[in-house]
Amino acid sequence: MPANYTCTRPDGDNTDFRYFIYAVTYTVILVPGLIGNILALWVFYGYMKETKRAVIFMINLAIADLLQVLSLPLRIFYYLNHDWPFGPGLCMFCFYLKYVNMYASIYFLVCISVRRFWFLMYPFRFHDCKQKYDLYISIAGWLIICLACVLFPLLRTSDDTSGNRTKCFVDLPTRNVNLAQSVVMMTIGELIGFVTPLLIVLYCTWKTVLSLQDKYPMAQDLGEKQKALKMILTCAGVFLICFAPYHFSFPLDFLVKSNEIKSCLARRVILIFHSVALCLASLNSCLDPVIYYFSTNEFRRRLSRQDLHDSIQLHAKSFVSNHTASTMTPELC
């Protein structure tokens, strides 16, 4: 096929394939992501007062993942039925929620890595660091991310329909934007939203690895460093597996949708690659609970059989006690 071949419908042959990938991926993610993140919130709530090691950031990361997971049934419906009957408002909100989840996940993964790194490298300086500061950092992060991600739905339109079919998600048409402005926005977004966070996580990983090379480390200190390194490495792994492919394919996909790339073969390859990258970007919703389990001792302890049994009994006794007290209290007229 000639390189300068222009497609009238470059995605026509790949639409069913891409829809199938999305539907299968989101179905696979849905149940593990829902159960895993609900369990994560329950566990973190239980030991929130016991530790200062980034638990507030982990709670916010689990909330971000849970919001994404709760929108998956609507995405699955669309990709199975090839139509969106729920109105443009809900479509744009779910589309917007995808990016909020992604960049909130990136933000809180960075916060977790930096917090563990600081506790490791400067234990006395940050030993008495109060959780309220982590709460303020989390609130500020949510506000910035929610405002910044408004740009994504603003660059799409929900007015286009094909016959009786209403488009949503990846099929939303892109608004006409000047190419120079698009390049500037994408460059700023890539640098702030991915490159800088990735460099921060890689720096924390590198410095933690160097700290393990001390000639005479104390046994307790060595154990703390190994646990911190495990957590930071898993954060870096999520970045590279889930978010790197998307941030590489996103500018290319934008150029395809803006008709700046004319080669039919190149357009089809980019659309398929971007579809796979989108699926990988959603995978973090069920990967994060696995990370908590394998990199956090408290998480494993809390989910152990005995601790789980004791916690359920404690919650049951608390519920019965509160219910009994409320029924014995006379009603006020």
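Placement of Cβ uses the backbone N, Cα and C atoms for every residue, glycine included.
What Swiss-Prot records for 1-27, 75-91, 156-182, 253-269 is topological domain 'Extracellular'. Annotation comment: Swiss-Prot describes ASN4, ASN164 as N-linked glycosylation site, evidence class sequence analysis. Sequence annotations record features per position, and here Swiss-Prot assigns transmembrane segment to 28-48, 54-74, 92-112, 135-155, 183-203, 232-252, 270-290 based on sequence analysis. What Swiss-Prot records for 49-53, 113-134, 204-231, 291-333 is topological domain 'Cytoplasmic'. Swiss-Prot lists CYS91-CYS168 with the feature disulfide bond, giving experimental evidence as the kind of evidence.
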>> Test of understanding: applying the rule of at least three C-beta pairs under 8 Å (pairs 6 or more apart in sequence), is the transmembrane segment (92-112) touching the transmembrane segment (270-290)?
In response: yes
Per DSSP, the topological domain 'Extracellular' (156-182) contains 7 helix, 6 strand, 14 coil
Among 54-74, 135-155, 183-203, the stretch with the most Cβ pairs under 8 Å to the transmembrane segment (28-48) is 54-74
Densest Cβ environment (other Cβ within 10 Å) across the disulfide-bonded residues CYS91, CYS168 belongs to CYS168
Same-chain residues at least 6 positions away from ASN164 (N-linked glycosylation site) with a Cβ under 8 Å from its Cβ, in sequence order, are ASP83
Averaged over the topological domain 'Extracellular' (75-91), the pLDDT of the predicted model comes to 90
With the cut-off at Cβ under 8 Å and a gap of six or more residues from its ends, the chain residues touching the topological domain 'Extracellular' (75-91) are 19-20, 22-23, 26-27, 30, 158-159, 164-169, 172
Reduced to three DSSP states, the topological domain 'Extracellular' (253-269) has 11 helix, 1 strand, 5 coil
With the cut-off at Cβ under 8 Å and a gap of six or more residues from its ends, the chain residues touching the topological domain 'Extracellular' (156-182) are 18, 22, 75, 78-79, 82-85, 88, 91-92, 94-95, 254, 257-258, 260, 275, 278
